[in-house]
Structures are given as structure tokens and as C-alpha cells.
Amino acid sequence: MKQPVRIAITGAAGNISYSLAFRIASGDMLGKDQPVILQLLEITPALEALNGVVMELNDCAFPLVQDIVATDDANVAFKDADYALLVGARPRGPGMERKDLLEANAAIFSVQGKALNDNASRDVKVLVVGNPANTNALIASCNAPDLNPGQFTAMTRLDHNRALTQLAQKTGKHVTDVEGMIIWGNHSATQYPDIAHCKVAGTPAAELVERDWYETTFIPDVQQRGAAIIKARGASSAASAASSAIDHMRDWALGSSGVVSMAISADGSYGIEPGIIYSYPVVCRNGAYEIVQGLALDDFSKQKMKATEDELRQERAAVEHLLG
Ligand code: NAX
């Protein structure tokens, strides 16, 4: 029997976590042979609801779950955490400007970054899901000087998975036939879903779909998919977001079967200046990710990648004073 690993989840009484916690507990993230200790964080007013989630987790009698901690103290939730999924965030309230939203979340993620720095395993792998995810991850990382910035990532895997399905359906193939999908940049409407390096069942995607469909349907549909879900469901993506968070962490920990998209600390690759968390194509192996290098970029791609980079720089400028 393997030693249990500690998995912290924030916003644990929220919608995404209501799917996420149960799938992690059943072994979907780290395997059916990996025992887990769940360390669940909520704000104080949500502790009663969190207690209900814990009761349900207990009622599942999951063989892999060794212990469950429920708390409103980030220092307790992140204690010795091997994995931290930061899902809880402040949603946009009435009359709130984008800058107010960035600031409200910056306050949360600076505290959580510090708590990770002070308490988590030195090898902790951090995934930020709560929006604005890229900039929240940057703030957490900047407030965790003893951890490597490479340990902080943000989720664009849901966008990646959405793009896979759109292209597979358009070409009449299965998602597993699509390789080389890339989401560049921010998890926002400026993200750039790029099929220039994609193959579908071995054929370049660009030969299978019309350029016009790609530019005027595919790209905006992937960018706006979150809004379309809200319109249809009356609530934001939850199970699909949880599923993608599991994909992201599983691949990071256990290896990816091909190219996947992860928002990570920019290192200058593809001309993206360091200092932001930017989504890149990566391959994961041995518990680490590596940016796929050497892809040729045309002017269309360069312009889209720059637009989403510019937005991330603006977000960064709005919270500069909280970067630690
Ligand atoms: P919910 O509002 O259902 O749940 C959020 C939970 O976080 C609430 O229970 C709240 O009490 C808790 N919370 C707030 N502040 C906290 C803090 N400081 N510490 C601990 N817990 C805190 O939202 P849900 O639908 O679960 O979505 C969570 C976040 O994911 C949102 O920010 C949302 O925008 C974001 N998303 C990100 C996606 C991505 O692809 N990166 C896609 C899905 C989703 O939209």
C-alpha cells in the first residue's frame, strides 16, 4: 500500500468541488492505488455547508480516503499538502469593476500563497482554478518565495478539452484522434485556441476544416464556451471544470499521453516575456512539465498570442502592489 498523499482543495463547498472532491476520493486523479487525505478549505460562513460535503464523502466509504480535514484556516488546509487545488475565489458582485474583482481575489490569493509557502510540502503542485486564474496563480506564487514559481499553474485544460471536442465533432472523428491542440495565454475570452499544429487521425487539421470556420466559429466558440454553458444551464461549468482539473493534475503527476495546455510561469519561450502565468503547450513526464519548443508561428498566431499576453500584463499591473 502506498503512503497517503495530502490534497488540499479550496472552495470545497462550492459547485466545482462538489464534483472534484468525490472524483479525487475515488482515485480518478492519482490512481486507484493511491490513498489520499483530503484537506478542505472554506470561508467561515460556508463551514456548515462544508460539513455536509464531508458527511457525504464519508457516506461514500471510499477505500482510498484515509482522513478528511475541514477548516477555515489556510495554514491547516495546506499543512504538508502535496497537491493544492485552489478553486475558491470571489465571484464578480453587482457593480464590481474588473479591477475590483482582480483586487478582491488578489487579497485571497496572496494570503493563500503565503500559507502554502509556510506549510505545504516543498514539492507541492499547485493548480489555480478560481478566476481570474492566471493572475491569481501569479499572486500566489509571488507570495511564496520559498517555493519555485514552476510549482504554480493555472487551468486552461477545460479550454483545451473544449477545443478538442469542437474539432473532433467538426471533422467527424473522436477526441482521441486529435493531437497537438494548443491553448495559448489567458483563461479568458482573449485565449488563443490554435490548431495550426494539430493533426486529426494523422492529417493536419488545417487541411480538414475551412479557414473561415476556424477563425469565425471555432475560436470564438471555444473562447465563449463558458458563457454558453451559463446561458444553457443557468449555472457555470462545474463537472467539466472538475474533470479538467483532474486531467491537469493527473498528467502533471503521472505523465501526459501527448501535448496538453497548462498555464505556467512564462520563461521567455515564444517571445512571451517572463512575469506572467501564460498557457503553453506542454508535455508532462516524471512529475514535471516541459514546454513544447520549436513550433513555427505565423503572423495570425503571433498577433493572437500578443493580444492575450497584453491582457495578462494589464491584469498584472492592476495588482502589482500585492505581488509580494
Ligand atoms: P462557487 O461559488 O460555487 O464556489 C466557490 C466556493 O469558494 C464557495 O463555496 C466560497 O465560499 C468559496 N470561497 C470563496 N472565497 C474563499 C476563500 N478565501 N477560501 C476558501 N474558499 C473560498 O464557484 P464554482 O462554480 O465552484 O467556481 C469556482 C471558481 O472556478 C470560480 O472563480 C470560477 O470562475 C472558476 N472557474 C474556472 C474555470 C477554469 O477553467 N479555470 C472554469 C470553471 C469556473 O468558471
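Using N, Cα and C of the backbone, Cβ positions are placed for all residues, glycine too.
Annotated features, as they stand in TrEMBL:
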- His187: active site, proton acceptor (ACT_SITE)
- Gly11, Ala12, Ala13, Gly14, Asn15, Ile16, Ser17, Asn105, Gln112, Val129, Gly130, Asn131: NAD(+) binding site (BINDING)
- Arg92, Arg98, Asn131, Arg162: substrate binding site (BINDING)
- 5-143: domain 'Lactate/malate dehydrogenase N-terminal' (DOMAIN)
- 156-320: domain 'Lactate/malate dehydrogenase C-terminal' (DOMAIN)
Q | Listed binding-site residues with Cβ under 6 Å from ligand 1, out of Arg92, Arg98, Gln112, Arg162 | A | none
Q | Greatest C-beta neighbour count within 10 angstroms, which of the binding-site residues Arg92, Arg162 | A | Arg162
Q. When the Cα-Cα distance from Asn131 (substrate binding site) is computed for each of the recorded positions Asn15, Ser17, His187, which gives the smallest value?
A. His187
Q | Shortest C-alpha distance to Arg98 (substrate binding site) - which of the recorded positions Ala13, Asn15, His187 | A | His187
Q.
Between C-alpha atoms, which of these recorded positions comes nearest to Asn15 (NAD(+) binding site): Arg92, Arg162, His187?
A. Arg92
**Q.** Cβ neighbour count within 10 Å of Ser17 (NAD(+) binding site)
**A.** 27
Q. Which one of these binding-site residues has the most other Cβ atoms within 10 Å of its own Cβ: Asn15, Gln112, Asn131?
A. Gln112
Q. So what's the average pLDDT for the domain 'Lactate/malate dehydrogenase N-terminal' (5-143)?
A. 96
Q: From the binding-site residues Ala13, Ser17, Gln112, Gly130, pick the residue whose C-alpha lies nearest to the C-alpha of Arg92 (substrate binding site).
A: Gly130
Q: Just name the winner among Arg98, His187 (the recorded positions) by count of other CB atoms within 10 A of its CB.
A: His187
**Q.** Structural state of Asn131 (substrate binding site), classified by DSSP into three states
**A.** coil
